[in-house]
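**Q** Below is the structure I would like to discuss, written out as structure tokens.
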Amino acid sequence: MDLSLLKALSEADAIASSEQEVRQILLEEADRLQKEVRFDGLGSVLIRLNESTGPKVMICAHMDEVGFMVRSISREGAIDVLPVGNVRMAARQLQPVRITTREECKIPGLLDGDRQGNDVSAMRVDIGARSYDEVMQAGIRPGDRVTFDTTFQVLPHQRVMGKAFDDRLGCYLLVTLLRELHDAELPAEVWLVASSSEEVGLRGGQTATRAVSPDVAIVLDTACWAKNFDYGAANHRQIGNGPMLVLSDKSLIAPPKLTAWVETVAAEIGVPLQADMFSNGGTDGGAVHLTGTGVPTVVMGPATRHGHCAASIADCRDILQMQQLLSALIQRLTRETVVQLTDFR
């Protein structure tokens, strides 16, 4: 497993609409392998893996992470921020963060906020400034992006910890597929899509799908269980138990034919799956499957512990198994298979 790539993706700072640091990593890989690259109007990256007269398949992961944006600067030097995406309440107080200025300078600070019951409001970043002028002299302006200041770490037992695993694990899988299959003979035309602005409303998933117009889509994302050390039967997001196969969420109910086919292929190659349902939230799949006249879509990905906060934990074996499964699915997506998956008669 390429831990240096995962580290680079995790430590890149990219809230919605400001995903250039992640985009650059993907573009360097695509350029190195001389792949065609397109963009949608929001900045999503569309990499054409191969040419084929077969069906068109889209593999999608989002680039953005939850974070904050500078809203205003007080006379005393407090930097008021607003959340971008659904940042956990517990992660809105006393957290190291970094501000990325328009000049791409990184300025560390401490995030804090006012707690009222279970809510945290009036969030601000302290960079040690004593006045408005000192903040301005540091180059900070309203609109600058703020992300958690988290260093990627390798943990015991093939596990890793870092920020923005939602959805840099998906972006990592896009790159590994690009590397593995860049010169393979495939039965389908495959587009690897890194979408913009998922955390603020599944935006790039919609616009990128319009640009690709796929016959089938696989969306990569992550999720965690509310109680990280609950290993009971209801928890289908346990790290180390294999990738998640999301049967339904608030925005998408996956076609049973498609999920059954994924389960069959996974069993053939010996990859365990955790069949899961999200009672809250959704993924790019919600936007993807409603594009055009409808796109058969399934959501999969590695489970994590903790999410939408300063750091998550994942198991490298889950990531590798997800890569194995994606490769196997892509190599089996013949025109006949797609016809069978989309036949409603």
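For all residues, glycine too, the Cβ spot is worked out from N, Cα and C.
Sharing the record's features from Swiss-Prot:
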{"type": "ACT_SITE", "residues": "GLU198", "note": "active site, proton acceptor"}
{"type": "BINDING", "residues": "HIS62, ASP166, ASP221", "note": "divalent metal cation 1 binding site"}
{"type": "BINDING", "residues": "ASP166, GLU199, HIS308", "note": "divalent metal cation 2 binding site"}
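Where in this structure would I find these features, and how exposed are they?
**A** Mapped onto three states, the DSSP output places GLU198 (active site, proton acceptor) in coil. Here the Cβ of GLU198 (active site, proton acceptor) has 29 other Cβ atoms within 10 Å, regardless of which shown protein chain they belong to.
HIS62 (divalent metal cation 1 binding site) has a Cβ environment of 32 other Cβ atoms inside 10 Å.
Using a 10 Å radius centred on the Cβ of ASP166 (divalent metal cation 1 binding site) and all shown protein chains, the other Cβ atoms total 27.
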**Q** Just counting, how many other CB atoms are there within 10 A of the CB of HIS308 (divalent metal cation 2 binding site)?
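**A** By my count, 21.
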**Q** Who sits close to ASP221 (divalent metal cation 1 binding site): which same-chain residues at least 6 apart have their Cβ under 8 Å from its Cβ?
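**A** The list for ASP221 (divalent metal cation 1 binding site) reads ALA61, HIS62, ASP166, ASP167, GLY170, VAL246, THR283, ASP284, GLY285, VAL299, GLY301, given in order along the sequence.
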**Q** Return one of helix, strand or coil for HIS308 (divalent metal cation 2 binding site), based on DSSP.
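**A** HIS308 (divalent metal cation 2 binding site) sits in coil per DSSP, no helix or strand.
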**Q** Where does HIS62 (divalent metal cation 1 binding site) sit in the DSSP three-state scheme?
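**A** For HIS62 (divalent metal cation 1 binding site) - judged by DSSP and reduced to three states - the answer is strand.
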**Q** Does anything in the same chain, at least 6 positions from GLU199 (divalent metal cation 2 binding site), have a Cβ under 8 Å from its Cβ, and if so what?
**A** ILE15, ALA16, HIS62, ASP64, GLU65, VAL66, VAL84, GLY85, ASN86
**Q** Could you find out if DSSP has ASP221 (divalent metal cation 1 binding site) as helix, strand or coil?
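**A** Assignment for ASP221 (divalent metal cation 1 binding site) reads coil.
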